[in-house]
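K.L.:
Take this structure, written in structure tokens, and hold onto it; I'll ask about it next.
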Amino acid sequence: MQQKPQTQRSGKIVILVIIGIVILLLTGRFFLLKNDPSIRIQAPSHFGAPLDTGKITVHGASLGRILFNDPILSRHQKTSCASCHQQGAAYADLQKSNSVGDLGHKTSRNSPVLTNLIWKSYFFQDGRATTLKETILNAIRDTNELNSDIDLILDRLNNQHLYQEKFQRITKREKIEASDLLSVLSQYLRTLNSWNTRYDEMMLGKAFFSGEERKGWTIFQEHCQSCHSAPFFTTQTGHVVAGSGADLGMYIHSHKEEDRYRFMSPTLRNIQYSAPYMHDGRFDDLRGLLRFHGDPINTPGMGKKLTDSEVSSVISFLKTLSDKAFISTSSY
């Protein structure tokens with residue numbers, strides 16, 4: 001019975017502490033909480049560690065998303081990043097073989113999907129960029145894309161109260177600088193990750209393939225994974241693509257003979273949503289794409305031509321790489 005007063009005092013102290021924390025939370029003065037909390041990417045174990053470990057914060061990624069969708073980044077303020085990278089197409093350009101940039105200029109290639117970028121080593125179809133910031137700068141400066149420049153964009157942003165206020169909340173500075181712009185856009189791109197698929201559930205032991213899907217997976221492993229290996233279904237290396245016409249691929253930037261007509265292998269995740277296919281958008285559907293690549297004439301090393309039945313099985317498997325939440329959830 002002698003311990004009761006001590007127990008009561010302890011209980012009162014706990015209650016007072018809880019009340020104090022609630023007050024601090026409600027007034028926004030809780031010093032243990034960061035002004036801009038970090039976002040931690042929690043990917044499934046089979047993804048491995050990301051290559052890009054750059055920061056991602058709530059306010060940074062949110063502001064990056066706003067800018068990604070704002071035509072203010074283009075010279076004539078008519079085209080945004082989202083114009084060519086639409087969520088419903090897994091951040092590719094829905095049903096367009098060549099995207100339309102500033103002033104209606106067409107891009108030279110089909111817009112690639114934007115997903116799981118923090119695990120990528122190279123960007124663009126020719127692998128000319130090695131960081132997200134470099135990729136963003138390329139898109140801003142390309143005359144067929146945003147056709148703009150950093151100084152022009154910064155001048156606009158620094159003269160808009162809304163953007164000044166949002167950046168100042170993050171940087172604690174009045175003036176928006178180039179590094180700030182590239183940082184928030186990069187942060188948003190780092191959040192575009194996709195793994196809510198039946199394939200990933202199968203890898204985690206939470207689902208099973210149907211007979212047709214498993215047959216397709218077996219065929220895929222035998223004939224396709226040398227260029228599109230799991231878990232990202234890309235080798236992140238260049239491969240020669242038949243019928244590339246005047247587009248010399250990686251050779252344009254490397255000037256190495258072995259890079260003629262060589263293009264980076266794209267991820268096959270969400271391929272169900274990202275037609276048209278190939279760097280030039282030559283195929284409107286998966287069957288046409290697989291018939292092309294399933295022919296040893298076009299893909300050396302295939303061994304034999306895939307039958308229509310085998311193509312159908314591979315398509316069934318590829319659809320297990322689809323992440324419906326990724327193309328529809330508003331939080332992205």
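Glycine residues also receive a Cβ, built from the backbone N, Cα and C atoms like all the rest.
Automatic prediction, not curation, is the source of TrEMBL annotations.
Not my notes, these are from TrEMBL:
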BINDING   Cys81, Cys84, His85  heme c 1 binding site
BINDING   Cys224, Cys227, His228  heme c 2 binding site
K.L.:
Do any residues at least six apart in sequence from Cys84 (heme c 1 binding site), in the same chain, have a Cβ closer than 8 Å to its Cβ, and if so which, in order?
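P.N.:
Result: Asp93, Ser99, Val100, Gly101, Thr107, Ser111, Glu145.
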K.L.:
Cβ within 8 Å of the heme c 1 site centroid (Cys81, Cys84, His85 excluded): which residues?
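P.N.:
Same chain, not in Cys81, Cys84, His85, Cβ within 8 Å: Phe68, Ser80, Ala82, Ser83, Gln86, Tyr91, Asp93, Ser99, Ser111, Leu114, Ala139.
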K.L.:
An 8 Å radius from the center of the Cys224, Cys227, His228 Cβ atoms defines the neighbourhood of the heme c 2 site; name the other residues of that chain inside it, in order.
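P.N.:
Filtered neighbour residues, in order: Phe220, His223, Gln225, Ser226, Ser229, Phe233, Thr234, Thr235, Ser265, Leu268.
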K.L.:
For Cys227 (heme c 2 binding site), what is the secondary structure by DSSP, using just helix, strand and coil?
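P.N.:
Note: Cys227 (heme c 2 binding site) is coil by DSSP, not helix or strand.
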K.L.:
Return the count of C-beta atoms lying within 10 angstroms of the C-beta of Cys224 (heme c 2 binding site), excluding that atom itself.
P.N.:
23
K.L.:
What count of other C-beta atoms do you get within 10 angstroms of the C-beta of Cys227 (heme c 2 binding site), across all chains shown?
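P.N.:
Cys227 (heme c 2 binding site) is surrounded by 19 other Cβ atoms within 10 Å.
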K.L.:
Return the residues near Cys81 (heme c 1 binding site) by Cβ distance under 8 Å, restricted to its own chain and a separation of at least 6 in sequence.
P.N.:
Leu67, Phe68, Asn69, Leu73, Ala139, Leu146, Leu185
